[in-house]
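Novice: Got a structure here, written out as structure tokens. Questions coming.
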Amino acid sequence: MKIRRLIALILSKGLLKAINIIKQGAGGTALPGKVLLFFDKNFLKEIAPKFKIIMVTGTNGKTTTTRMIGQILKENGINFISNFAGANLLSGIATTFLQGVDIYGCPRYPVALLEVDEATLKKISSFLCPEVLVVTNFFRDQLDRFGEVYQTLNYVKEGVRKFSNPKLVLNADDSLAVSIARDLNLQPVYYGINIKGYENDHQNTDASYCLYCKTKYTYNEQYYGHLGHFKCPKCGYKRPLPDLSCAKIIEMSENHSLVKVEIKDGNKIQAVFCRISLPGFYNIYNGLAALACSTVLNLPLVNSLQALNNISGAFGRMENILLDGKLIKIILVKNHTGFNQALNLLLQEKNKMRLAFLINDLLADGQDVSWLWDVNFEVLQLIVDKIEVFFAAGRRAEDMAVRLKYGGIEEEKIKVVNDYHELIKSGLRGLNDQGSFYVFPTYTALLEFRKVLSKKFSLKEFWK
């Protein structure tokens, strides 16, 4: 073993341990990897091939889908490392592998389960090769980050092109994701939704026109955004039949969904019932992606179904925190499509609630917050009698307050709060035991808010 690598591992592991002690849930999971790669630039290239790698990428749902797959691996007794905290850039991935080896660089686990940023996928594709790659979807993300959705798609295609025969799991309802298999001549496992009459948010659709001939798609069913049963009437490019699909939604509540799933098995179709212990239509997609991954890995279906029944929210992704008998629900928001789906969850709430929108404009959030005007805050007028107060906080709290006002919310119900300690106090004070305090933060606001919560209530670190 190289002396340089040994020194790099000792330094980086020491730094990681120190951060875990000092930060107390405030993040910092990327720094040790950055230090490691500074001293040993070939670390990933030489260490990663020692692991069986499962990757998850896409715009929305990466962290939750990764967590679901991780729960499936746990149910099957498979030991693994993962960047559950969502540190999905190069340095965060390096930190994950740092945790997966001893100081001599020997693997401590057989499997690495990685959430990978779409642009990072291209960067790591020359030295990391997954056995399975799950792609969730492609939507317009932070405007100043990747530019636009087709550029993001190309990042992923360029990465996949360099992989050596990966097993792909793709969303059949996403015309952009499906194009990966078509353009690279691959045979993926497809998952999708096969229900009729479910209509959701179609505004500000990101991919309305055919990738190949620029004709507008027609849809038999359109679920949200551009996801649905698409077909180009000119060139014939269309949604493939999924290998694993949601055939029926039996129940959707503020806490879970119960669905009927159909799985192709040769010429036969196996039907099972699946309870996903996270709410929201988009989490049905995430659950299907995780189930499809488990079929590619040939894991027992009964264990996979049990895993989805046992799943809990990832850090900031429908994370439920019970404090002094009061429930805080934290849902990370980063683009208009995900935000719209998060707001739709509120329509299922039966009890009173309070809402807080924490909007920052730092690099990790996206410095252009004009995307807030693409979010359908107007839908909140349908349940405004259940919402006691709307808090606006973060660096762009005033912008958020203005957006709520133009969304039809009465000005006297909107309160701008500049301090997270005060926000927590006001949000929980007098809250009915049956009520919920919903917090919708952007990424850096999530880290700041979670840090305050951790110190105030001694919460466990989010990476555990």
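Numbering starts at 1 and runs along the chain as it is shown here.
From the backbone N, Cα and C atoms, a Cβ is placed for every residue, glycine too.
Just lifted these from TrEMBL, have a look:
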type	residues	note
DOMAIN	56-197	domain 'Mur ligase central'
BINDING	C210, C213, C232, C235	Zn(2+) binding site
ACT_SITE	D368	active site
Novice: I want to check the contact list for C235 (Zn(2+) binding site): same chain, sequence separation of six or more, C-beta distance under 8 angstroms. What comes out?
Specialist: C210, Y212, C213, T215
Novice: Using a 10 Å cut-off on CB atoms, tell me which of the binding-site residues C210, C213, C232 is the least crowded.
Specialist: C213
Novice: For the domain 'Mur ligase central' (56-197), what does DSSP give as the number of helix, strand and coil residues?
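Specialist: The counts are 55 helix, 26 strand, 61 coil.
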